[in-house]
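One structure is given below, encoded as structure tokens.
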Amino acid sequence: MNNFSFSILVFGALIASCLTHVRSDASDHRYKTGDYVLLYANKVGPFHNPSETYRYFDLPFCSPDAIIKEKKEALGEVLNGDRLVIAPYKLNFRDEKDSAVVCRKKLSKMEVAQFRSAVEKDYYFQMYYDDLPIWGFIGKVDKEGKTYPSEYRYFLYKHIQFDILYNKDRVIEISARMDPNSLVDLTEDKEVDAEFMYSVKWKETDTPFEKRMEKYSLSSSLPHHLEIHWFSIINSCVTVLLLTGFLATILMRVLKNDFMKYAQDEEAADDQEETGWKYIHGDVFRFPKYKSLFAAALGSGSQLFTLTVFIFMLALVGVFYPYNRGALFTALVVIYALTSGIAGFTAASFYCQLEGKNWVRNLLLTGCLFCGPLFLTFCFLNTVAIAYSATAALPFGTIVVIVLIWTLVTSPLLVLGGIAGKNSKAEFQAPCRTTKYPREIPPLPWYRSAIPQMAMAGFLPFSAIYIELYYIFASVWGHRIYTIYSILFIVFIILLIVTAFITVALTYFQLAAEDHEWWWRSFLCGGSTGVFIYAYCLYYYYARSDMSGFMQTSFFFGYMACICYGFFLMLGAVGFRASLLFVRHIYRSIKCE
């Protein structure tokens, strides 16, 4: 086991060292006056539907004279939906231009209708210049003084103004402004002549190259936003500490009274009837039903917990700086693949402790428990994206790469971890002997059943994180930038502490009611926060966002279901581990016959 743990640490070091070098991919070019600097057009799409993006030249913009050249992209960029192609604009270093013509073209009725539909849906474009992002809207809708949508007028911008800041021989900042006076009227279904132009202005700045990305992270670091963030953290901390402190005090006093009572009972007559959680000492360590599924869930949850910790480590050292295209997706794929050994080891070792015999089937179940639903969801959503011709549809080559990673890295490491877990020969450490026949559980009130207990268990951890959830959702499913990973890490620690404690408290009350089937209950209660997060998805979609359309809706609820399921497994494993430590401790503290 020590050797396996050491191997995992080595994998962690490799992950950190490899992904930290992602930063070196950022452009660090030095230019001379007149040097050709590539401008890449990335994608277009409805502003309020971040998943629904299309290739830039899916709209009938001016195409380059030659064949459209695509930039070779990393795995993470493709997963992120980036499809970079060389744009027709020539932005040579320190070469100013004023109303340079890109092309003159006659827009057909079909092209006019295509542009009009895009303008109506608030389409924006995204480009990259020297690895710096640029955005802009492709047109505008004139609603002023008009009552009915049929009276609206639609206009396409045909003149882009690029403003570029430079420091000596490096590009520092770029922005794009659309000329509101240079428009093409798209209101009527008729052919239109359009002359697309652009201007370039260069200006020197003192901002050093090393700080050029700070502009994009300032939005989430402004005093107003920081104040809200810290207020949410302090509010969560105070609320959670008060509640957990209150519950801890009650639980410790109750436990102290229990220990004193049981000690007195041992000194009194031996034939005195036992009550409470001591009464079920012969059943509390009886192995749960569906032990293979339980061990697989514990293994998958442990892997996802390790994955989350590694992602936080990389975020805190600055790997996921703004617009480091695809870094997060690359990290998720690589780390998940390399940590699959943890799932195999945890599941197989625990399954063998539960006296399970078919450890191979258990390993197969562990490998499919999270990946299976994720794969099915991906197949459905990728089909939807293909039907929409969106950039979210993964190319066949990328799918092959992911399958190869799963086949050549994830699966072998899962099997190796399972073999190491099976050969660890660890025994389940139960302080009390388990009786041959289980005791009958007494009738319990409705609020002590699984679903009400899960609702109680999930509410407190969710209340500690729900304020921060808005900022995360606005970043993942919107255009905000989230860079304050230190605050997020504090929230994550609070979430773990509260989940562990509330699960322990509910486990105690369950045992005190002489209900010894606590194994699955502790896992379900720990993971119930995932259900609350999914309920928050419904609220966010309908009340806080402007997302619409079948593709965006299916992507939002499909992938959020997978994320919440991952949270369920991870927090369920945390809740069970905390409960197991607690149950072992209290039964070790009394004399069991």
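Glycine is no exception: its Cβ is also placed from the backbone N, Cα and C atoms.
According to TrEMBL:
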SIGNAL    1-24  signal peptide
TRANSMEM  228-251  transmembrane segment
TRANSMEM  293-321  transmembrane segment
TRANSMEM  327-351  transmembrane segment
TRANSMEM  363-388  transmembrane segment
TRANSMEM  394-416  transmembrane segment
TRANSMEM  454-473  transmembrane segment
TRANSMEM  485-511  transmembrane segment
TRANSMEM  523-543  transmembrane segment
TRANSMEM  555-583  transmembrane segment
The transmembrane segment (327-351) and the transmembrane segment (485-511): do they have three or more Cβ pairs under 8 Å, with pairs 6 or more apart in sequence? no
Under 8 Å Cβ-Cβ from the transmembrane segment (228-251), and at least six residues away from its ends along the same chain, one finds 460, 463-465, 467-468, 471, 484, 487, 490-491, 494, 497-498, 501-502, 504-505, 508
State, in range form, which of 327-351, 454-473, 523-543, 555-583 has the highest count of Cβ pairs under 8 Å to the transmembrane segment (394-416). 327-351
